[in-house]
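S.K.: A single structure is presented below for examination.
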Amino acid sequence: FKGGDTCEYLLSSGRFLGEKVWQPHSCMMHKYKNSEAKNCLIDKHIVFIGDSRIRQLFYSFIKLINPQVKEEGIKHGNIPFEDKSASIKVDFLWYPEVNGSMRQRIKSWTEGSVAKPHIIVVGAATWSIKIHNGSNEALAQYKINITSIAPLLEKLAISSDVYWVLQDPVYEDMLSESRKMITNEKINAYNEAAVRILNSSSRNSKAKVKVFSVSKLIAQETIMKSADGLHLPESSRDTNAMILMNVYCNKIMKPIDGSCCQPQPPLTLIQKIAFCFFTLSIIGYLIISLIHRNNYRKNKSCTDLESGEEKKPAISTPNVSTVEMLLQCFCKLGLIMTYFYLCDRANLFMKENKFYTHSSFFIPIVYILVLGVFYTENTKETKVLNREQTDEWKGWMQLVILIYHISGASTFLPVYMHIRVLVAAYLFQTGYGHFSYFWIKGDFGVYRVCQVLFRLNFLVVVLCIVMDRPYQFYYFVPLVTVWFMIIYATLAVWPQIVQKKANGNCLWHFGLLLKLICLLTCIYFLSYSQGAFEKIFSFWPLSKCFELNGNVYEWWFRWKLDRYVVFHGMLFAFIYLALQKRQMISEGKGDPLFSNRISNVLLFISIVSFLTYSVWASSCKNKTECNELHPSVSVVQILAFILIRNIPGYVRSVYSSFFAWFGKISLELFICQYHIWLAADTKGILVLIPGYPMFNVLVSTFIFVCVAHEISQITNDLAQIVVPKDNSTLLKRLLCIAGFFSGLHFFSAMQDQSRH
C-alpha cells in the first residue's frame, strides 16, 4: 500500500493493454460518453493555452462533448468552442512560447473580479527550441519565464483546476529540416526545468498545479505512428483527453468503472450499524471462547501425584450452544465482510480495467476442462441429471462464467451468446429441480420455502448492507428467487397436483399441463407488456427490491432475457418423470437411455442441434437482435447437452468431482466475484499484487474460492438456526426477520433523507 491520491497515478503513470487501451497505475479509467461529459461540464469554462500540441488536445477534448466538431480553426490563432445546450465554453488560446504575453494573459485572470476559467490546461516549449535553434540561452529564459508564471498558476489553482502539460518526445527521424533542432534531449531539459520550478513553487503554496506527465509515456509508445514526428496520432491524443476528463469528472459523476480520482465513499448509517454488530459478535465470541477454555482447563484430566493415575474430569465438555454457534458464524462473517469492504470500497487495493484477448479467455477454459476430466469418478446413481451430475454442470458453467467475467469477454459477441446459454441453463436447473421436488415430495410447507429463500438470499442481503448496494444489483439472486416463488405458486395453488395424486388418475396430468399453459400465457403477456410488468414491480415494497437507478427497467430486461427457460425446465422435469414412472427409459449402469437405434438417432440430432446453435451464436452481428431470439432458442443447446450427457450409459455413470465441488458453492462464487475477485462492482479486476498479473490472479483466486466455500458453510449453519423445523419456533423467527427488515427500511429511509 503506497497510499496517496489516485489522481497522481492517473496523471503520471500507466501502461498500454494491447495497442489502444490505456491502463493507469492502480486505478480504473471511465470511458465518458458525450452526454456524461456534458453533464459533468455544465456551466463550465475550460481554457487550453499553448502551441499546436495543446491545440490537438483541445480538439480531442471538445470532441468528447460534440463528436461532430471538425478541426477547421485558424492554426496560429485563438479558437473558441461553445455548447449552448449545456452552457459549456472551451477556448484554445494560441501562445506557443512561455513568455511575457502568456504571463499577461494568465495574470489577467488573477486580478479583480474577472471570471476565472474552471479548468486551465497550459503547455509549451517546442517553439522556443525551434525559434532559438535549441540554444542554452533560450532554456535559461524559459526557466525565468516559468518562474514568473508559477505563482500566478498557483493562485489560480486555489479556485480552478490547473494542469501543466509536459512536452511529449518526438520521433527525430521523421522531423522536417526546419524542426531538426527539436531533439528529445532538449525536450527532457525543458521538462525537468518545468517540473523543478512548479514543484518548488507548490511547496510554498496551499494549492498545487497538477503536472500532466502521463502524455510523455503515451507518446513514447505511439510517436512512431506520427505523421510528422512532432504531433501525436489521433488515438493517443484522444487518450490524453479522456484522462483529463477522468481527472476532473470522476469526483463529480462517480462512475462505477472510474476509480481514479474518486474519494472513498463515506460510511452510511446502515454500514456503521452493521460494523458495530459484527464487532460485538467478534468480541462476544472471543469472550465465550475464553470462558470455555478456562472451564476446560479446570476440568482437564490431571495426574494423581500419589497413585500416578490419571483422573477423569467430573464434567464432560458441553455441546456448542445455539448462541455460541450464532456468534461463531457472525464472527467469521464479520471478518469476511471486512475483507469485502477493504477490497471494493476502501481505496486500499489497486483496481485495473479488463482487457479482452482470445488467449486470456480460451487458454484458462482449456486448462480447467483438462483438470475436470482428470478428476473423473463414478456416480452413486445413474439417473438422468442426478445430484452429482447437476453439481458438475453448475461447477463447470460457473468456472467458465468466472473466466468470462475476469477476461472481459463480453466484448466478443459469440462468447457472450454462449455465456447467455450457461446463465439460462442455471435457470433451467431451477425449474427442473424445484418442480421435481414439489412433484415427487408434495411438500408445500412454510419450512421448505423459508429454507430455500434463506439459502438463496442470505449472502446478498448482507452484501447489500455492507457494500451499500441495492438488492437488484446482484441480479441473478432476485431472478432465481422470483422464479422459485412462481414455481411454488404454480404448483401450490388449488388444485395441488403432485405425482402421488396423478398416479391414481391420469386426468391429473392434464390438469397440471393446464397449469403450465396458464403459466406460459402469463409469461408471454408480461414479456410483451413492459408497462404491466413495471406496474407490478413498482408497488411498495417490491419496488425497494427490484428498482435500480430509480426504475425497474434493468429487472424487466434481466427477467425477459431468459423468460421461457424456467418453464422449459419444469416441462422437461414433468416429461422425464412421466417417462421414468412408466419405465420407458433405461437408467441402469452402463445402459443407454433408450434402445440402441433411438439412442443413436437422438444423439445424432442432439450433436447437430448443439453445433447448429453454436454456429448461429458465432455468426451473431447484433447483440440486441440476438438477445431477442435467445429466450426461444437457448433451450435447444440446453436439451442437446442433457441428451449428449445422459444417453450413453458410460457417460451418465461418471462425473467430475472437481467440477462438482465448485458446483456446490456456485451461488457463493457468482456473488462473491463482484467484490473480491473482480473490482468496482465487476467492472474491473482486483489487484492484490501489482506488477505480476498471473501471480495476482492465482493469489486473489485462492482467497476468493476459500471465502466462497466458508460463506457456503456459514449459510448452511445459520439456516439450521434461523429456519427451524418446528412451526411455532419458525413463526417467531419469521416475526424477528420481519422486524429486522422493518428496521432496515426505517434506517434506509433516514439515509435517503440525509442524502437529499
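Just so it is clear, glycine is given a Cβ too, placed from its N, Cα and C backbone atoms.
Note that TrEMBL annotation is computational and uncurated.
This is the feature table in TrEMBL:
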DOMAIN    22-72  domain 'NXPE C-terminal'
DOMAIN    253-734  domain 'Cas1p 10 TM acyl transferase'
TRANSMEM  269-291  transmembrane segment
TRANSMEM  325-343  transmembrane segment
TRANSMEM  355-375  transmembrane segment
TRANSMEM  396-417  transmembrane segment
TRANSMEM  452-468  transmembrane segment
TRANSMEM  474-494  transmembrane segment
TRANSMEM  506-526  transmembrane segment
TRANSMEM  561-579  transmembrane segment
TRANSMEM  600-617  transmembrane segment
TRANSMEM  659-679  transmembrane segment
TRANSMEM  685-709  transmembrane segment
TRANSMEM  730-750  transmembrane segment
S.K.: In the same chain, who gets a Cβ under 8 Å from the transmembrane segment (452-468) while lying at least 6 residues past its ends?
M.R.: 265, 268, 270-271, 274, 333, 337, 340-341, 344-345, 434, 474, 477, 480-481, 484, 667-668, 671-672, 674-675, 711, 715-716, 718-719, 722-723, 744
S.K.: With a cut-off of 8 Å between Cβ atoms, can you find at least three pairs linking the transmembrane segment (325-343) to the transmembrane segment (506-526)? Only pairs 6 or more residues apart in sequence count.
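M.R.: By the criterion, they do not touch.
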S.K.: Counting each residue once, how many in the domain 'NXPE C-terminal' (22-72) are helix, strand and coil under DSSP?
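M.R.: The counts are 22 helix, 9 strand, 20 coil.
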S.K.: Could you name the stretch, out of 269-291, 396-417, 474-494, 600-617, 730-750, with the greatest number of CB pairs under 8 A to the transmembrane segment (659-679)?
M.R.: 396-417
S.K.: Roughly where does the domain 'Cas1p 10 TM acyl transferase' (253-734) sit in mean pLDDT, to the nearest integer?
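M.R.: Value for the domain 'Cas1p 10 TM acyl transferase' (253-734), mean pLDDT as a whole number: 91.
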